[in-house]
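In TrEMBL this protein carries:
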- 29-49: transmembrane segment (TRANSMEM)
- 70-89: transmembrane segment (TRANSMEM)
- 109-127: transmembrane segment (TRANSMEM)
- 112-251: domain 'Fatty acid hydroxylase' (DOMAIN)
- 166-193: transmembrane segment (TRANSMEM)
Amino acid sequence: MIDPATGETLVYIAERVSQHFANVLYFDLGRYLIAAGGMTILLFVFGSWAKARRIQRDRTAKRSDYIREVASSFRTILVFAVVTLATLVGREFGVIKLSLQEAPLITVAWHFALIVVAHDAWFYWIHRAMHSKALFRATHLHHHKSRTPTPWTAYSFTTIEAVLEVAFVPLFLLVTSQLGIAYAGFAIFLYLWHQIIRNVMAHAGSELFPAGWVDNPLTDWIATTTHHDLHHSSGYNYGFYFTWWDRWMGTEHPRYKEEFRANAKPLISFGTRAAHASERA
Ligand SMILES: [Zn+2]
Ligand SMILES: [Zn+2]
């Protein structure tokens, strides 16, 4: 069969679409496996350090938690790939302006910063909405089955939550396209890696940020592992990359800083804390 508009055979078009789909699927799957797998290896290699900085000291995730998290993350990746493909089709039709040409470093930098800040706001508000009585069970309960997060919890979503999470990218690009901005493809690439790396860091289960992080105004606005871990264990803290939305809206955990300080002891007392951790084991 010939497509009258382009003269291409429909079989050829279908082949091209499925090839694009395979590429985005491998990219999304690869990001998850590299980030979650890499974090698991790091936590294993630096086992005593990770143990000393363990956030939920009396709980560990069960085998069934890992199986549920990985299985539902694979489903999320499938949803991500479909939406990414739809975004690329939108680009083909000119609805979405996304430049795959090399862009100046300054352009990449501000495009990256803008999308990260916008995604943080999007995440905070959809996250709060999903915690409402009307939506929680259908959308977000699944993610909270992981009371003790692991790096593999990163994409443990229902299909609805996966759609809500990934819908941000095409919606954001639709808005910037309307504003006449041809978004730098490399900034999106960096943003996608930043998203999964911060995601597995937030679910690592051990505090990864250095001691003093929450006591320095230059760093305190960036959310730590304790920040999101507290969300899983006791509510509060709906933000993701940054602490500012929780502070503006009064939803930060009242003991966030104390909890962080207890988890992220300075290196000088590491030996003592490691000894305590091995006594507990
Ligand atoms: Zn939540
Ligand atoms: Zn989480």
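Start at 1 and count along the chain as shown; that gives each residue its number.
Placed from the backbone N, Cα and C atoms, the Cβ positions cover glycine too.
With Cβ pairs under 8 Å as the measure, the transmembrane segment (109-127) is packed most heavily against 166-193, out of 29-49, 70-89, 166-193.
Below 8 angstroms of C-beta separation, residues 17, 20-21, 24-25, 27-29, 32, 36, 96, 98, 142, 152, 154-159, 162-163, 165-167, 169-170, 173 of the same chain, each at least six residues beyond the ends of the transmembrane segment (70-89), sit close to that stretch. Secondary structure counts, DSSP: the domain 'Fatty acid hydroxylase' (112-251) has 89 helix, 5 strand, 46 coil.
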